[in-house]
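Annotated features, as they stand in TrEMBL:
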- 12-32: transmembrane segment (TRANSMEM)
- 73-95: transmembrane segment (TRANSMEM)
- 116-137: transmembrane segment (TRANSMEM)
- 166-184: transmembrane segment (TRANSMEM)
- 196-218: transmembrane segment (TRANSMEM)
- 242-263: transmembrane segment (TRANSMEM)
Amino acid sequence: MKLQFMEKEMNWTHFFRALLAELVGTAMFIFFSTATITSGCHTADVAASSGNAGDTSLENVVPGSCFLSSTTALLNIALAFGFTLFVVIYFTASFSGGHINPAVTIAFAVSQKISIFRGACYIIMQLCGAAIASGVLKGLDPTGFKAAAGGSNQLNPSTKVDVGEGLGYEIVMTFAFIFVILAATDSKRLSTTVPLPILAPFAVGMTLFVAHLILIPIDGCCLNPARSFGPAVVSHTFHEYWIFWVGPIVGGLAAAALYGLAFREFTVMESHKHDIEGDGNWDPVNSVGPGMDVEGGKPPANMGH
């Protein structure tokens with residue numbers, strides 16, 4: 001009886017550690033990546049004051065547009081998002097799977113790689129982490145935060161991309177992003193391709209990097225509802241905000257559906273670890289996903305943005 005109690009206590013310890021990893025990981029991802037955006041506004045301001053650019057001072061700039069001042073600024077932001085995600089996944093994967101993204105969590109829940117209960121808890125932690133990060137960034141750099149609208153996602157009027165096109169971009173790019181994640185974390189491929197566990201975080205980060213190169217001039221590139229949520233809540237920027245929830249979620253669901261259908265023979269289902277299949281003995285703590293054995297302490301394969 002005592003041994004059984006200790007096992008349950010350890011399981012819940014692993015579970016809460018996973019939640020903390022999602023909270024801290026998402027906060028770090030949002031803070032460092034969006035801080036690159038706000039600092040980019042200061043760079044534009046310095047250029048203006050030194051006579052190297054037009055009147056782009058932070059007092060006169062349109063909120064949310066200052067970081068679009070140069071190709072170099074766009075490249076810096078894209079690199080920051082890609083490499084920050086790479087690092088965050090690297091240190092959170094062994095605790096929670098390194099989702100850092102509600103769209104990824106939903107895709108994994110639908111694919112029966114994590115339980116619905118665990119997925120819901122992850123999403124709450126991700127949103128809290130994003131809001132905390134944006135709040136801290138605003139406190140540290142209120143001027144840059146205001147000029148960049150907190151780094152929030154918005155359709156860029158100069159591109160003349162309408163709402164439907166913006167939504168389409170988010171769906172397509174999130175589809176590609178999460179498809180890469182599903183392939184990089186497939187338990188069957190992990191067991192047969194030796195370098196894959198090491199390269200998976202890098203592959204995911206580089207996919208996000210490329211996505212940002214494409215989408216930053218269009219809508220700032222979301223692919224992650226938490227990435228949009230934190231800056232939007234703290235900066236009170238909610239114009240066409242729904243795009244950055246609907247697009248990533250629809251894209252993620254489409255990726256999960258196609259990967260499950262097209263590569264079903266590679267999928268290894270571990271029914272005893274999921275609350276929506278198997279023998280019906282649901283344990284919300286052990287419902288982690290392929291490659292993760294909570295009791296054995298083995299690291300998970302689920303990684304995400």
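Here the Cβ of each residue, glycine as well, is placed from N, Cα and C on the backbone.
Unlike curated records, TrEMBL annotations are generated automatically.
Annotation: stretch 166-184 has the most Cβ pairs under 8 Å to the transmembrane segment (196-218), among 12-32, 116-137, 166-184, 242-263. Here the transmembrane segment (166-184) has long-range neighbours at 103-104, 107, 111, 155, 196, 199-200, 203-204, 207-208, 211, 214-215, 218-219, 221-223, 240, 243-244, 246-248, 250-252, 254-256, 258-259, 263, 303-305, meaning same-chain residues at least 6 beyond its ends whose C-beta is under 8 angstroms from one of its own.
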